[in-house]
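Chemist: One structure follows; several queries about it will come next.
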Ligand SMILES: [Zn+2]
């Protein structure tokens, strides 16, 4: 089977393919090549370190978009049990680029909500590549309100290139749907835990993308605009998205440094798809520990604490004289 | 004008400014709407609206404040707040250079001008965004000032009014800008929960992170005629769907037809309309 690989991964994949061939030969007992295999495995290990241990920002963006990267559906299966999916915005349609519903996190009853990217072309077409229309955000608002009403902590998963840009989306109020979803999140009286698992594309991500705790997978990104969009606006398309990604400060470590996210979950060399079960286990650990902390906060002060957290996102300068007003 | 066009225009303006200076101060201004040459004095008397075709010329935050509030009543707050360039952002040019240039052209420290004012004798808090300052984009300063504007109105139990013309979140401050959408929206939620009025006016253009946050969360949304209002920029949509957009797509009229705004109001009637609406909203 031919594996998907970005340019920077290709030399490694070539070696790995070669190793597979040699192993097939050996198992057919055609040749005694155990020593060669051993040598090749060592080389592969070295190359893997070289390829993945110092990823550029752009390479991280690529890994965040990797087709084999675990998706919302994978995390639902790996982290939760007894998922009951809910559908529809009660106004226009069911937008499957956002999914959510009741689930159990160990013994804890919770509500989950997330962008749905597909694991293959068929799913991606059905789920619009995780790019919601207004009805997706209105479904999200319904799910948030249910969580609030029944006292269920809200666990969200962010993975979208952005909200869908289209004629119908504008006609049905893409802007206000996102705005209302953001406003709803700010008011919830239940704990809100966000996990950025792949792409955090702009307002379409933010609509379900802030809360009491924001966890990011190491190779996910969260950005005010896609690197492609930034490149075309700020440089008039004259530089690559690669360069734009560098200046946008969109990686997990940079956002942690800026105090905009709370925790980073490490990924294996090469990205989450190289050990999905391990990543899901570590992500679950962070979600559970965040939830334990937040349950200790009184129900009445959760929204206030969330507001204070938002209020502290500043990074501006102000001369003293205006402060005294 | 979406933010991409603003950047293009700014670069063009740089090239043309030398040429412009050679022409003495004009008495006439050509209307982009109908190509008519308009007498500037008369245009100013008419709130910078073409008397022939109703084209609304872009105006500064100060002109909007003059247009909406009782004479001499505006008391500006937090005027000195300015950006710290948190990402040390360098695009085609350094963000600090864009900031310096915008400060020079507008006389402002950032895109939002906020303060207390009276409208027909009634106390309000007003926040206005000036498109001339980096496309009216929202970074940490605009987000903080709009939030404080809303919070002040909540604390004093009076109406809040915002006037937007913005390309959206400011790219040069990255995720800090995106988070301003959440901050301002959360402030609106608290103001609304206190039972207090919020009126949002959207001028040409209001798009992206500003329409997807505080600007569309008001009790009443008013647009200026023909203003471009939407989430995604028209060019992005065209490139994505690979088909021509309808002729009036994302205009104020289109938004009214699709139920996204309450009304379209001429600049000349804006103050009176806001005043009449607030009167129904108590206090
Ligand atoms: Zn005209």
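Cβ coordinates come from backbone N, Cα and C, glycine included.
Note that the structure is predicted; figures quoted are calculated from it, not measured.
Copied straight from TrEMBL:
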REGION    B:1-21  region 'Disordered'
DOMAIN    B:27-283  domain 'CoA carboxyltransferase N-terminal'
ZN_FING   B:31-53  zinc finger
BINDING   B:31, B:34, B:50, B:53  Zn(2+) binding site
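Help me see these features in their spatial surroundings.
Modeler: Note: the zinc finger (B:31-53) comprises 6 helix, 4 strand, 13 coil (DSSP; helix = H, G, I, strand = E, B).
Residue B:31 (Zn(2+) binding site) has a Cβ environment of 19 other Cβ atoms inside 10 Å.
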Chemist: Taking 10 A as the limit, how many CB atoms besides its own sit near the CB of residue B:50 (Zn(2+) binding site)?
Modeler: 18
Chemist: Looking only at residues six or more beyond either end of the zinc finger (B:31-53), which have a C-beta under 8 A from one in the stretch?
Modeler: 59, 63, 67, 266-268
Chemist: Counting across all protein chains present, how many other Cβ atoms fall within 10 Å of the Cβ of residue B:53 (Zn(2+) binding site)?
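Modeler: For residue B:53 (Zn(2+) binding site), the count of other Cβ atoms within 10 Å is 13.
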Chemist: Over the domain 'CoA carboxyltransferase N-terminal' (B:27-283), work out the mean pLDDT and round it to an integer.
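Modeler: Summarising the domain 'CoA carboxyltransferase N-terminal' (B:27-283) by its mean pLDDT gives 96.
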